Amino acid sequence: MPIPLFHSSIAAQFLPKMLLGLSEALPALVEAKFKSAKAAQSLILSSTELAIIHTAQGVPFQLRYCPSLSKKPKPQTDNNAPPKKKFDPFENPPHDLLVADVPTANPSHWLVLNKFPIITEHFILATKVNKQQTHILEQDDLEATFACLQAWQDGGAHGQQERLFAFFNSGDHSGASQPHRHLQFLPLKSMKAGEQSDGWDLLIDLILSQQKPAKRGLLQHTGVPFTHYAMEFSSQPSGSDLLEAYNRLFKAAKEAVDDYVASNSDNFRLHPTEDGSLPISYNLAMTTSGMAICPRRSGGAMLQRDDGSNIGFVELNGTVLGGTLMVKDQEEWDVLKAQPDKLTSILSAIGFPTSTQTAEVGRL
């Protein structure tokens, strides 16, 4: 049973409607904008193949194969040219990708479509002011995220409840690609499209379903080969509840990294914090049911053949807490399907050893 950490109130119950202030249901808005943007070729939806593989402990992961992303052109660099300002896709999102400004009364965030999705209706919550991805999340970021999750669930067609998965990448080892602060959303219906997803569930759901919480109600799944922590929402959380959960999870993740650094200082360093950045890389995930965090040791891992030669570097971002990863190379796809034990090795390499989970979380 979840620890009753969160209170229920009228204000909390109406948080999605009050905060977003949308004139239409969020799923309908995103669907319409996605269809029009795709028709206008304002976004490029890459097709993928899908298989379900399992960790050594039997935890299911979606493996997606997207060869078109390997052909994406990389910008040429000219060492003699004067430095240019890096393009910020969230500074002024184009109208054909912009879903809404939220909250409508006094907008602080954009809702904008991902320009290069591999999953239908992938959209993003970005701060209107260019805040840093590596700084600590603020209460309004978490409130807006939960409001989107709840609005999606409440706004399904014909009264059907749909679900949304939110994730966040922070730090050099997290899979983050943009420095402008943003959280991302994937509709569960789109993630599970096709018979190939039979037997798969969101990893955060599996973690939250564990019946033996660690101290202070922090949950862990023994079949996941990297350090992680989760908290289940026992009722509709308020903004301050969400911030409390985030701070507690981050503190537990930071302590796990500190324990690792204490005995591995020669091969791992914390990030510089002079500019206000946090000292660790991490992924965060959220649903209407709870929140999870995974401190990151590496942005990815090298997939190797049995003879020890390299096949390719497999990168992972916050979708790892959803139980999914993607490869761009045919051999990577073939090897991971044929030898799913290699999945466990990759997951172990990108996170911190589960032995660090013995760190005392009672200090929270």
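Quick reminder: no glycine exception, Cβ is built from N, Cα and C everywhere.
According to TrEMBL, the domain 'Ap4A phosphorylase 1/2 N-terminal' annotation covers 24-194. Residues or ranges marked as region 'Disordered' in TrEMBL: 70-90. Here TrEMBL flags 224-353 as domain 'ATP adenylyltransferase C-terminal'.
For the domain 'ATP adenylyltransferase C-terminal' (224-353), DSSP puts the residue distribution at 49 helix, 33 strand, 48 coil. The average pLDDT computed over the domain 'ATP adenylyltransferase C-terminal' (224-353) stands at 96.
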